[in-house]
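Visitor: Here you go, one structure.
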Amino acid sequence: MPHAHARPLTAPASGPLKGVAEVPGDKSVSHRALILGALAVGETVVTGLLEGEDVLATAEAMRLLGAEVERTGEGAWSVHGVGTGGFKEPARVIDCGNSGTGVRLIMGAMATTPIAATFTGDASLNGRPMGRVTDPLARFGAQAFGRSGGRLPLTILGAEVPVPVRYETPVPSAQVKSAVLLAGLGAPGETVVVEREATRDHTERMLAGFGARIGVEEGPEGRVITLGGQPELRPQAIAVPRDPSSAAFPVCAALVVPGSDVLVPGIGLNPTRAGLYETLREMGADLSYEDEREEGGEPVADLRARFSDGMRGIEVPPGRAASMIDEYPILSVVAANAEGTTLMRGVRELRVKESDRIDAMAAGLRALGVEVEEGEDWWAVHGRGAGGVPGGARVEARLDHRIAMSFLIAGMAAAQPVTVDDAAPIATSFPVFEPLMRALGAQFRAENR
Ligand code: S3P
């Protein structure tokens with residue numbers, strides 16, 4: 001379902017793609033920088049913040065909860081925090097737009113402060129499960145009120161007398177883990193989160209940077225994260241790295257568009273985020289890491305991707321799913337342009353993202369002439385080889401930025417143009433996607449309406 005101001009966009013065969021693609025700041029890190037900045041005492045200065053709709057919604061939420069949040073320049077933001085436990089009751093409903101990360105982390109951050117806050121979002125977010133966060137928050141003493149089914153809109157009444165919690169996450173989710181840790185900041189004693197599979201660890205790293213007492217151990221049950229409650233968080237200077245999940249789009253476009261050679265500099269290759277790049281190399285992609293270095297404690301490299309004739313489908317190890325969970329849509333486009341079958345297992349979580357991403361990609365790829373099989377937690381794409389995707393269809397983005405971007409890239413490598421019914425959601429995570437891709441050689445056409 002497109003939204004009220006749907007913006008159809010068409011990608012015809014384009015390229016070769018050439019040049020340097022400077023992708024914006026990491027979405028996960030940007031949300032966390034604003035939220036932890038709002039919980040610290042004093043001024044946190046952030047550079048390289050992603051100024052996409054999702055993150056801007058989180059900035060507004062932090063203002064409603066009492067922090068001073070100000071934009072001081074391009075990507076430069078200042079946050080004057082209120083200290084842990086210092087949030088005030090918001091005067092109006094907090095609208096997190098399209099952002100699951102925003103709403104789930106903010107619910108966690110306010111759940112151990114005795115205030116009430118009501119959360120809502122767009123049609124996509126209001127259809128996503130929130131019980132995975134409200135259940136553990138209830139253990140701290142917070143209450144959630146809403147219609148049955150655990151969907152937004154929801155009101156959270158923060159715990160009057162919070163108690164610390166030990167919680168084993170039932171699904172591999174950095175959002176759930178982070179919500180529990182942020183709630184733990186407001187509880188006395190130690191909060192413990194156990195995750196069977198490692199998910200992105202930006203919250204743990206950033207909490208340590210802000211001076212929280214946090215320890216991580218690998219045990220037989222998985223990763224055990226222990227956080228000391230009610231710390232005084234020290235404000236930080238945070239340089240947000242560029243987003244590997246956004247970098248995936250120009251990188252994969254270069255791999256599938258003949259004659260391309262694209263450099264994507266300064267990409268964070270934190271192992272909890274870099275699974276796609278490992279997978280692409282196993283498929284035979286001409287993808288190199290240049291100038292590998294460390295920045296702000298994170299491994300970083302410039303990614304260089306060139307058109308790769310003869311990539312082969314592989315079975316993606318399920319244990320890698322968490323480290324590339326947002327990248328399966330664009331991987332499936334590369335898979336369609338590879339030889340043989342790409343099998344993706346252990347990916348049930350894809351069904352509860354901004355859209356049911358297995359269903360959305362399968363439907364669209366089939367419309368483009370690609371054979372796809374799917375089950376509840378797996379799917380398989382039967383590749384047609386380089387340049388072998390027929391295209392020539394209009395597909396639904398389903399209010400999902402990554403679905404929209406994936407199909408625009410599919411169109412750039414297909415025989416006939418591909419139209420997405422609504423490119424507007426791209427602004428949630430990658431507001432400069434269109435100009436950036438055009439500068440490399442993409443020839444998107446907006447529909448005359
Ligand atoms: C995110 C975690 C992932 C990911 C999302 C960002 C985060 O979601 O899909 O885009 O910043 O913590 P889940 O925690 O639901 O897997």
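Just so you know, glycine gets a Cβ as well, placed from its N, Cα and C.
Okay, these came from TrEMBL:
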type	residues	note
ACT_SITE	Asp326	active site, proton acceptor
BINDING	Lys27, Ser28, Arg32, Ser173, Gln175, Asp326, Lys353	3-phosphoshikimate binding site
BINDING	Lys27, Gly100, Arg128, Gln175, Arg357, Arg402	phosphoenolpyruvate binding site
DOMAIN	14-435	domain 'Enolpyruvate transferase'
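Provide an account of the burial state, proximal residues and distances for the features listed.
Guide: With a cut-off of 8 Å between CB atoms and residues at least 6 apart in sequence, the same chain places Ser245, Ala248, Lys353, Arg402 near Asp326 (active site, proton acceptor), listed in sequence order.
The Cβ of Arg32 (3-phosphoshikimate binding site) has 24 other Cβ atoms within 10 Å, all protein chains considered. In the three-state DSSP classification, Arg32 (3-phosphoshikimate binding site) falls within a helix.
Look at Arg357 (phosphoenolpyruvate binding site): DSSP puts it in a helix. The Cβ of Arg357 (phosphoenolpyruvate binding site) has 25 other Cβ atoms within 10 Å, all protein chains considered.
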Visitor: Quick one: of the recorded positions Ser28, Ser173, Gln175, Asp326, Arg402, flag those whose CB is under 6 Å from ligand 1, and say none if nothing qualifies.
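Guide: Ser28, Ser173, Gln175, Asp326, by Cβ distance under 6 Å.
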Visitor: Looking only at Lys27, Ser28, Arg32, Ser173, Gln175, Asp326, Lys353, which the record lists for 3-phosphoshikimate, tell me the maximum pairwise CA distance in angstrom.
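Guide: Per the listed residues, the maximum Cα distance equals 19 Å.
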Visitor: Measure from the Cβ of Ser28 (3-phosphoshikimate binding site) and count the other Cβ atoms within 10 Å, all protein chains considered.
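Guide: Taking all protein chains shown, Ser28 (3-phosphoshikimate binding site) has 28 Cβ neighbours within 10 Å.
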Visitor: Other than its own, how many Cβ atoms are within 10 Å of the Cβ belonging to Gln175 (3-phosphoshikimate binding site)?
Guide: 25
Visitor: 10 Å Cβ neighbour count around Gly100 (phosphoenolpyruvate binding site)?
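Guide: By my count, 21.
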